[in-house]
């Protein structure tokens, strides 16, 4: 620990500067002392009634500096898309602060991240690290069907480094077979159970692409494995999240797709969900459009269109609806994969579950979904969320895959505002914590990495913090009424909106919309309050009537 | 009725606009006033009624193996796609509908709800513009009711009752009117209560040409300026693009020369004319009608239609005026060419921004009655109530409703009414079911004896006001008070699918927060009643002598 602290001390050239002026969107200007610690940028005016700024270095996406005389301006652009300005007098101080922020915000070493230093200031009611264990999820499955088993074949992460130690597979397939299948699938990601549709017993599985290569390699065990999930005489659907030409090209690099000849009981459908580098480009363009100051409607609409963000939302949602339709309407089982099976595949499988399964629309159910279909399923959060829309460096593995998923959930929430137990704030919170957090939940790229980092022992889980009454109250949807039905969202362009809560959050005042939300809460609370009063009065009256039978005579 | 060649066709298919695979089979009926489609599937009694006066166009498409398609476009943006199996039947329906929608008599004159004559007359007393002026504190020491336009002698497109500056004498008014297109001299639209003296006035363009002057017109503006003792200048806002205004000079019209009028600040705000707006909406509607468009098709189409750009221009102009009045305390004179399209839009938007009263149910009705109906917006031509010059048709009033809707999206607690209210009003601008919007001005409505022969929309809306009330509205909410500070950043504008894709139910949210809240509020009201009755009963027990 001491070593780390010394390391930070070396990076901090100037730990504090007085007389720094902070400009934030839609907030009053604050003048105060700027302090740099190992993990935070803090600005404090030391006066009552002014909000301090505590900014995690890991939330900083990029900084820019310029000078007017000896007055330095530092623009700090954050991963949550906020842009703030600091005015620092004195060229040397300003340069020191800028280079310190730059160094501290680009530390690569995971073990230096804040979650390893953070100590909770709240009482943990339920340890989030134990809230969503695969064993428990499997118990629910066992209560519905006995056709699946929990395999420990990957318990040391050797078969598939991106899978969790426990995965659900068809009961009749032993671990030896799974090992063979793993060699035939990208990254060893053999087909595993993603979702069991209680209503008709159909299943959704996910995997990596089959490694057919140019000469059409096949794997009998793979074919048997996925056929085992079909009902006699029934066909299934393979949803390949890549356009057919992209899937064709993958053959040259050893990948490919399931040939009809080898999988005669399956119908393959190709959908075109963009790959991660294209998505990152899309996010950058969208955020640039939102920050355009030209006030021209033509320019805004054409930039919005050119960013392709809404197109991506529509494509992902359409594919998820397709998967859900195959399962619920066609009564068929589904296998979803793209290339690696860690990005678009997870968008589709998790959104399909939101559509099909009312359980996923509760607070706990949604957390469980994120845990199962994203964290355990090996979405590389660390790589994807390393940089956001303001990054100057060339993107490597960054991509807003998870943000797009949240955006799609928000779209469904907008269309079914009473069917979700959580509200928009919960989705925004997940977006923020995926990119920068004091909690360890989104660190690492896979279950294997998280195990190596000993996150449950060394860091606090986001769920430990969220699942306390005071936080839940803020994140709960007051309109919620459990809806056991499948919910089919509209994917018409008219129905899909720009997610203002994320993309315009810092560009416009949300005061009036917040007031409307409060008014809504007030209307509902007042109703509940009256209900309680009326009920208690009724009880009292009933009691009085029994006590005084004379009153019954007219 | 002689127009109906075929009153009933069976086995007609009605296609879903989004997905043509979804279709309903039923019977099509033609009546004197409506086209009715009754679904014939067992157990469902699903009816679609379309008023003939709402029909915009009827097109018979080339026959296909499954039958002969008939496409009906309505002014409320409903599109019906029928497939009629026999070509001859389709032909007969097509011909009948073409005649039926080219009405000899407007629907309002035959619309007879179950209301007696006394009640019908009372409907027309529901709104009283004079009451609105007295709400503004008028007449006052600064503004007076002028009898100059009684019998529509000075301007036949103006209302008979007009407020003018106290110091404006009849010769000045008449002189000024001769210097303005169609005699539409500067008159008061809205004054801001007693504490504020800044006012909004409206007129048509001056006949200034390249150099003409009119002493009385200059005196008229001077009088308006003097009716605001708090300011030593006033704004004259020409809502047209500068180029259009300059072009008008060649025809002997134009705009005010700042040198000739004392203490005016002249300003163009650049709202396009009725032809641009008509074409823009047409393009936008084509985008709405695309079958399964990609996101790019939709956004590109929306951009190239220019529609939202025009909405933004109207709102920007309204904000400029509202700020001049509320923040600078300066009076404003607004005009365009004739002063019945853009001028009405901008006056109304400014009023909605400025005065919370116009954001209430009754207030908004008053606003339309004042700035549009009484000041002579040409509903008959703009909404194509009767067949006429297609170049006169333009969705100017749609744009007002949309500006208000955009504001409702930004200020969800500030309006007493809801989206349904706006959409219902929109429907009736075009339906001709009520007499309110018949004709082009007050004089024409009097000639048509509208008040004696028809019903009023306003009392109908008021009677059903629970359907049109915004549950989030509270008269004492901070958002309800004072000037609305709206954003006009491009991203603050949304596409209004509630109106333009009104009948595409699949596109709308499947659950309505508003309906949910309304149900809760109704329940709350019942609980309040129960609570007070229980409390009384409880009180009764307490008052009993203890045994």
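The backbone N, Cα and C atoms fix where each Cβ goes, glycine too.
The following features are taken from TrEMBL:
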DOMAIN    B:123-500  domain 'Myotubularin phosphatase'
BINDING   B:273, B:274, B:336, B:337, B:338, B:339, B:340, B:341, B:342  substrate binding site
ACT_SITE  B:336  active site, phosphocysteine intermediate
REGION    B:527-547  region 'Disordered'
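Annotation for residue B:342 (substrate binding site): spatial neighbours B:239, B:240, B:271, B:273, B:314, B:317, B:336, B:396, criterion Cβ-Cβ under 8 Å with sequence separation of six or more. Remark: residue B:338 (substrate binding site) has B:157, B:181, B:182, B:184, B:204, B:205 as non-local neighbours, by Cβ distance under 8 Å and separation of at least 6 in sequence. Same-chain residues with CB within 8 A of the center of the B:273, B:274, B:336, B:337, B:338, B:339, B:340, B:341, B:342 CB atoms, the substrate site residues themselves not counted, are B:239, B:240, B:343, B:396.
When the binding-site residues B:273, B:336, B:340 are compared by the number of other C-beta atoms lying within 10 angstroms of their own C-beta, B:273 comes out lowest. Break the region 'Disordered' (B:527-547) down by DSSP state and the numbers are 17 helix, 0 strand, 4 coil.
Confidence in the domain 'Myotubularin phosphatase' (B:123-500), given as mean pLDDT, stands at 95.
Reduced to three states, the DSSP call for residue B:340 (substrate binding site) is coil. Following the DSSP three-state reduction, the secondary structure of residue B:273 (substrate binding site) is coil.
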